[in-house]
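Quick notes on the structure that follows.
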Amino acid sequence: MKISILGAGSFGTAIAIALSAHGISVNLWGRDHRNITHINTYRKNLKYLPTYHLPDNIYATSNIDEVLSDNNTCIILTVPTQQLRTICTQIQHKQHMCKNTPMLICSKGIEITSLKFPSEIAEEILQYNPIFILSGPSFAKEIAEHLPCSIVLAGDNKELGESLIEKISNDVLKIIYHQDIIGVQIGAALKNIIAIACGIIAGKNLGNNAVATVITKGMNEIKTLYIAKNHSIDLHTLIGPSCLGDLILTCTTEHSRNMAFGLEIGKGRNINTLIDHNLKLVEGTSTVKPLISLAKKLNVELPICISIYNLLHENISLDKAISNILS
């Protein structure tokens, strides 16, 4: 069995390690030719996860043609949401190589230009490929260390989804199926912004009670947007790994880049400097603008998210933002 992964960052590399450890041949694609050469030569991704060994059944390449073929059981996309449209367009131009191959998308967030979630972007472009979302509480380093996580595969085709789970689920990647593809992505997008808020509260030493308050209110904001976008709610999604599980993980540890980013803000670091240094790594900073635009379009209020938006982009004071978050 062969699986290709588009995106040789931390998460793509970790997924490759977890799959290859269970006998699956993995093609790992990335743009950085030098880093790709290092992976194949030294069996380590020196740019991301440099301390972890990559088994010999992982082949890295910067040539996208090498990873797009009908022999793939599936193709996993781990690129940032703002780059997803470009990658999907590249795939679409080579549709003859991978027509009908399932696409499993790990991107989290909302596209700035269209206000679309990752699955909506992919479905618009890749009309001949089954689209699934793979999401849940899953730090890359823990996956690379073969520590277990519970994640969700969401998509419309239950039979195909469950068949894929049988093939790729293992003792590290414990995967469950959901049909609620939009609900899963709403939780994945908002949790990063809520984690920034939790980091700010922790950085200001306002206590665990206040952090718990933010998580609780944040869960309500996920529910609010979920109902407005989906016109219904699936409780299994809301309290499952992709919403509640990912929210708890992202909001309660400094290993979360979004929580750590908020922590530095709470400690008084300059916000613009932090954004400049972390823009590509902290998903919440690129999600908050399109999220607020989407909330306005759907006529819903998200107090925590608008507070973070105003803090990052409208220059309100930190104390005012904290007051709004906790009010």
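Glycine too: its Cβ is placed from the backbone N, Cα and C atoms.
For reference, Swiss-Prot has these:
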- Lys191: active site, proton acceptor (ACT_SITE)
- Ser10, Phe11, Arg31, Lys108, Ala140, Arg257, Leu281, Glu283: NADPH binding site (BINDING)
- Lys108, Gly136, Ser138, Lys191, Asp246, Ser256, Arg257, Asn258: sn-glycerol 3-phosphate binding site (BINDING)
Q. For the recorded positions Arg31, Lys108, Lys191, Arg257, which one has the sparsest Cβ surroundings, going by other Cβ atoms within 10 Å?
A. Arg31
(Q) Cβ neighbours within 10 Å, counted over all protein chains: which one of the binding-site residues Ser10, Ser138 has the most? (A) Ser138
(Q) To the nearest Å, how far is the Cα of Asp246 (sn-glycerol 3-phosphate binding site) from the Cα of Glu283 (NADPH binding site)? (A) 14
Q. From the Cα of Asn258 (sn-glycerol 3-phosphate binding site) across to the Cα of Glu283 (NADPH binding site), what is the distance in angstrom?
A. 7
Q. CB neighbours of Ala140 (NADPH binding site) within 10 A?
A. 21
Q. What's the CA to CA span in angstrom from Ser10 (NADPH binding site) over to Ser138 (sn-glycerol 3-phosphate binding site)?
A. 11
Q: Round to the nearest Å and give the CA-to-CA distance linking Ala140 (NADPH binding site) with Lys191 (active site, proton acceptor).
A: 17
Q) Which chain-mates of Phe11 (NADPH binding site) that are at least 6 residues away have a CB under 8 A from its CB, listed by sequence? A) Thr78, Cys106, Ser138, Ala140, Ile143
Q: Provide, as an integer number of angstrom, the distance between the C-alpha atoms of Arg31 (NADPH binding site) and Asn258 (sn-glycerol 3-phosphate binding site).
A: 25
Q) Which three-state DSSP class does Lys108 (NADPH binding site) fall into? A) coil
